[in-house]
Amino acid sequence: MPPRTIRGKHPGGSSSFQGTRARTMLPAFQPRTVRELAYTLLERHRTQGTWVQELLQAAFARGSWSPADRALATELVNGVVRRRGTLAAILAAVMPRPLAQVEPALLTLVQIGTYQLLFLDRVPGYAAVHETVELTKVLGQRRWTTFVNGVLRGITRLLTDEWCDAPAADAVPVAPGRHRRLHRAVFPDPATAPAAFVAQAYSLPEWLTVRWHARWTWSQLLSVADAINAPPVLSVRVNTRRVGVRELWERWTEAGIQAECLPDLPVLRVAQPGAIELLPGYAEGWWLPQDATAVRAALLLAPPRGGTVWDVCAAPGTKSTHLADIVGPTGTVLATDVDAERLNRVRENARRLGFDNIRTALVHEDGRDWPQGPFDAVLLDAPCSNTGVLHRRPEVRWRLRPCELEELSALQRRLLHQALERVGPGGRLVYSTCSIEPEENEQVVEGVLRQRPGVAQRAFQLYLPGFHGDGGYQSLLVVD
């Protein structure tokens, strides 16, 4: 769920891309092209701190953008934010002055052009340069034209037509196993400075890559870095009360939608979905977006048929509806959350999927109005750093600070203690996060178990982000 302790922080507060010069006041205009739209949204993100997904959703709701335009705008906006560190290293190699001395609004424009040159094969290099230069004129900033043209042409001269399959200081990681060679090294040497190399080449804060390098093998580190830089793939959980997994897959195939069934899970992965509400079966409640890792949490909890379940941090209701399916019509799921607007989404999803055994309640985070229980099963999907889903929330990597892991773990321990108090004798609780940090996962569980001798851990699993799902952690606890 969203990282509550870091929500609302400015996404570029400590970024080298913030610059120190006065902000350029650009004329307001209505974006007419997808690149104009991407620039407008990135500037709002930079100056207002709004989450990029919220900006994209609002823009698509207002304008009549084609599916292709939506896809390119999403790629440009998410990609520029996600690859900010890589872009900084590349730009530093060709710019005539330090990044901090470039106007932030101008730098946003250069980032868009640079991203296309590095990561979008379908956009010819000359087109990326031309379109970006033309945008300076649309913005009324002709004084930027020569600078933008010179920087982007410098990048085209830096790039080669050669590719390699291994990381190198003179190669940009574009996709897993695909690295585009440069005419000279711009990143640290991966052999002598591996954490610094991953931070710059894969666009991550170095404090995070230092932690990961200390815990994982080199191949694991690169695999995770590749996964969290890849555009997120849509996974959906099939509402098997209304349609079978195979039946939905066949209907989508007939409609020209490419999807893949995951083994042993009621999940389909969709390639290039477009607007999800337009996929067949959405309005009918046949499915809802949910990653495979999140689906496994309810399966691990496995509440009894006809049982009572409490979904503590329930919004937007994906796990609540799954739990309601498992306990059946004679069972009950209580879905609580601290956010009234997000709690409405639980009700909307329950109605659309046809579950009338879900009750909702708005609660305070301090626990003053939490239900007393006891419950047969409790799912605590705790607020966390989101390090296992950085590919879905690209700005989180730049907002998160090391000190927040300690703050989050204190909150998580308190929530886990309070949730366990509501589990009845012989009942079960699953503690889950979408973090891959030990302070938020096994260390939280171990600390709580030391203070609760009547609770035992029966199973746990750490999922690293990859092809078959998001990153996250799940622990099954049983109360005597």
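Numbers run from 1 along the shown chain.
Placed from the backbone N, Cα and C atoms, the Cβ positions cover glycine too.
Per TrEMBL, region 'Disordered' is recorded for 1-22.
Sequence annotations record features per position, and here TrEMBL assigns compositional bias 'Basic residues' to 1-10.
Per-residue pLDDT, averaged across the domain 'SAM-dependent MTase RsmB/NOP-type' (224-480), gives 95. Under the heading domain 'SAM-dependent MTase RsmB/NOP-type', TrEMBL lists 224-480.
Classification of ASP381 (S-adenosyl-L-methionine binding site) by DSSP places it within a strand. Here TrEMBL flags ASP337, ASP381 as S-adenosyl-L-methionine binding site.
The active site, nucleophile annotation in TrEMBL covers CYS434. Every protein chain shown contributes to the tally, and the Cβ of CYS434 (active site, nucleophile) ends up with 29 other Cβ atoms within 10 Å.
Counting other CB atoms no more than 10 Å from each candidate's CB, the binding-site residues ASP337, ASP381 peak at ASP337.
Reported as a whole number, the C-alpha separation between CYS434 (active site, nucleophile) and ASP337 (S-adenosyl-L-methionine binding site) equals 17 Å. The secondary structure of CYS434 (active site, nucleophile), as reduced to three states from DSSP, is coil rather than helix or strand.
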